[in-house]
Every structure is written in structure tokens, then in C-alpha cells.
């Protein structure tokens, strides 16, 4: 029955469909489309965005965690890691739900997914927006004095990140309360069902939420980034700590580019959101294509952010080069078999005779080791001793020569010379 009704909807005229659904407020990314093209194009775009964004964010997270493992984490690196975690959460959980809803045209993902879909998406986006404000503030502090480290205590970092996610989860909470599944025209839909008692509250929510999540954070972040950039321009004129000043300027430009790009790609989604939430009775519905593309642009932020980090950050580029060199230079360990030569066979090929250095040298690691290790090495390595050399040292130790006991060796030196002649 549901599929038959959906087929009728798909074949119907778009104007009739918009009129029949004009009074409905869809949620969870669900949007019944009267075009088969949109039901194919939008999921394909979301799949491409998810694939590229997942790989990019995975690289950023891996490089940041590797840096944390090698040295103490910094505040800015922790905030960038928070942005990447929010991005990868959107690509793993929210975007697939939107793509599935577009493909099927009927909401069959259940009541819980309907209630939590918009809330989870807006929670991650709000966390990113608040993180940009903190990043801009920390960036300004770093630009003011690059030699002075910004508070990097683990307790401070974890408290700040926890506060960001708590606030971000509370702001879109009304969407959780009023999103639910409803049957309409024989089709299961995910809708925002606001009772008459809460109509005024939701009207106020529709006005305040964009201000708290988008406009105000954008203004604060822009203010701090502007001050940080001006501070970098002033300090770059001086010659002291030039390296830290250049690094501060590059960091400011990179984070500013990320914030501006995110704001521009998020703007169409807010236009569609405000249009739907403040739609008057009998007013025109926003075009379905505009709503669908605005959601694709919103998710594409999670793909663009890691690309900006990887292209503009010298640390990330150095990390990628290191990984690439490790991958192309890694070779399997080749174990060479050492052939034992009999003790009596000391013949060697011409031109292949070992030099005296190779016969008597000892590795530096064994030479610099402890006395016990050097003793064990001496026991294991048996150096052959020639008979003449052994006899010489034996006679020298047992019977000292007359020359050693001669009190006036210079008088006998001439006699020895004559005897030799």
C-alpha cells in the first residue's frame, strides 16, 4: 500500500505535491520528492562527500593522535581534533540517514532515528560552531605572544571540550522533543509535530536558535580572528622570534579560511531552515532542490575542513610526507644465510680477501656496552692467534730481556749496531 501510494506521489505534478504537503514540517532529513532524478543525485553526492571526508578526517585525526603520543598535546591541536571528530561523526551517522531517506522516499528507519536525526546533526554542527569561537580566542592569545604557551593542562582541555559538547547538545533539544513519526496519506513520515501549547515556545526557538548557533559564534570568531591577524602583521615587522611569528600567521590564516568556508557552505541550510520554520499559511514552500542541495553543502563542510588542514598546515604536510616515505621505502626484511667456512680452509677468492679492519673490528654498540655484555661478546667471538705472536708475548711475560734490566742502555747501543753489521 505504501509503495503504491509513493508511486502515485512520484508520478504526480510537483505543484499538487507542494500544495498537499504545504502544512507539514518534515524532520530527520526526510523530504518526499516528486522527482526520480533528485532521489538519485542527492544520495550519490552524499556518498561521494562521505567517502572523501572520511578519508580526510581520518588522516587529520591520525596525525593529531600521533603528535599527542610523541609530545604533550596543545590547546589548538586538541580543538582541531574536536572539529575532526564532529565532522567524522556527521559523515558516519547523519549523512547516511539523509541518503537513505532520499532513496526510499518513505520513512522506515524507526521512531528513535526520526527523533534523534535532526538533534544529532545540529548538535555536531553547534559543537563545531562553538569550537571555532574557542579556536579564534586561543589563536588570538597565541598571536599576541607566540613564545608563551596557552594553557595546555589535560584537565583544562578536557573541561573545555566537555563544556562545548554539553552546550551543543542542549541547544537543539526541542527538536528531539517534537520530532516523531506520523502516517499521512498512507505513508510513514518523519515530522515535527508541535502541539498548540508549545507553539509560542517553538516560534521563539525558531528565532533564537540560528542566532545562538550561527550568527553570534560567527561574529565572535570573526572578531578574534581579525585581532589575531592584525597582531601577526604588527609582530611580523619585528625580527625577534621570527619563526614563531610566521607560524602564528600561517595558523591564523588556516583557521580563518576554515571558519569562513564553513560559514559560506552552512548559509544555504540556514536560509532553508528559516524559510521552513517561519512559513506562513498559504506561503510558498522552498524548492525541493534548494533544500536538498543545502543539506549536501552542509555535509560538504566535513570534507572541506580536513582538506584545508592538510593543504595549509606545514605540520600536517610534513606528517603526510613522512607517512608517504614510510610506505614507499618499507621493504620486507631479508634474512641472509651465513655459510660457515671450515677452520682449515682459509683460502679466499682473489679480490675478495677481507681487509684486516673487517677481521678485527668490533661493533660500536658492543664496545660501548656494559662490562658484562663486552665479556659475553669476547667469549662468543674467538679471534685466531698466530704461533709466532703467541711465543713473543710468552717470552716477554715469562723472562724479561737483558735490555729491560740494563741500567746504561745507550752505551751498548753502538755495539748492537756493529754486531748487526
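The first residue you see is number 1, and the count goes up from there.
Positions of Cβ are set from backbone N, Cα and C atoms, glycine also.
Worth saying up front: this structure is predicted, and the values here are computed from it rather than measured.
Taken from Swiss-Prot, the feature topological domain 'Extracellular' covers 1-44 (among others).
What Swiss-Prot records for 45-65 (among others) is transmembrane segment, and it gives sequence analysis as the kind of evidence. Long-range contacts of the transmembrane segment (45-65) within its own chain (CB-CB distance under 8 A, at least 6 residues past either end) are made by residues 77, 80-81, 84-85, 87-88, 91-92, 95-96, 98-99, 102, 296, 299-300, 302-303, 305-307, 309-310, 315-316, 319-320.
Per Swiss-Prot, the feature transmembrane segment maps to 75-95 (among others); the stated evidence is sequence analysis.
The topological domain 'Extracellular' annotation in Swiss-Prot covers 96-122 (among others). With a threshold of 8 Å between CB atoms, the same-chain residues lying at least 6 positions outside the topological domain 'Extracellular' (96-122) that come near it are 2-3, 6, 9-10, 27-33, 38-39, 42-43, 46-47, 50, 89-90, 171-173, 175-176, 179-181, 187-190, 213, 292, 295, 299.
For 114-190, the entry in Swiss-Prot reads disulfide bond. Residue 190 (disulfide bond) counts 25 other C-beta atoms within 10 Å of its own C-beta, drawing on all protein chains shown.
Here the transmembrane segment (123-143) has long-range neighbours at 75-76, 79-80, 82-83, 86-87, 89-90, 94, 150, 160, 164-165, 167-169, 171-172, 213-214, 217-218, 220-225, 227-229, 231-232, 235, 248-249, 251-252, 255, 258-259, 262, 266, 298, 301, meaning same-chain residues at least 6 beyond its ends whose C-beta is under 8 angstroms from one of its own. Taken from Swiss-Prot, the feature transmembrane segment covers 123-143 (among others), and the record attributes it to sequence analysis.
According to Swiss-Prot, the transmembrane segment annotation covers 157-177 (among others).
The topological domain 'Extracellular' annotation in Swiss-Prot covers 178-204 (among others).
The transmembrane segment feature in Swiss-Prot is assigned to 205-225 (among others). Within the chain, the transmembrane segment (205-225) has long-range Cβ neighbours (under 8 A, six or more residues past its boundaries) at 122, 125-126, 129-130, 132-133, 135-137, 139-140, 171-172, 174, 252, 255-256, 259, 263, 266, 270, 273-274, 277-278.
What Swiss-Prot records for 259-279 (among others) is transmembrane segment.
Annotated topological domain 'Extracellular' per Swiss-Prot: 280-289 (among others), in sequence order, evidence recorded as sequence analysis.
The transmembrane segment annotation in Swiss-Prot covers 290-310 (among others).
Annotation source Swiss-Prot lists region 'Disordered' at 346-381 (among others).
Per Swiss-Prot, the feature compositional bias 'Basic and acidic residues' maps to 364-379 (among others).
Taken from Swiss-Prot, the feature region 'Disordered' applies to 394-421 (among others).
Here Swiss-Prot flags 409-421 (among others) as compositional bias 'Basic and acidic residues'.
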Listed in sequence order, residues with CB under 8 A of residue 114 (disulfide bond) and six or more positions away: 27, 28, 30, 107, 179, 180, 181, 190
For the transmembrane segment (290-310), distant same-chain residues with Cβ under 8 A (at least six beyond the ends): 29, 31, 33, 38, 42, 45-46, 49-50, 52-53, 56-57, 59-60, 80, 83-84, 86-88, 90-91, 94-95, 98, 102, 125, 128, 254, 257-258, 261-262, 265-266, 268-269, 271-272, 276, 316-317, 320
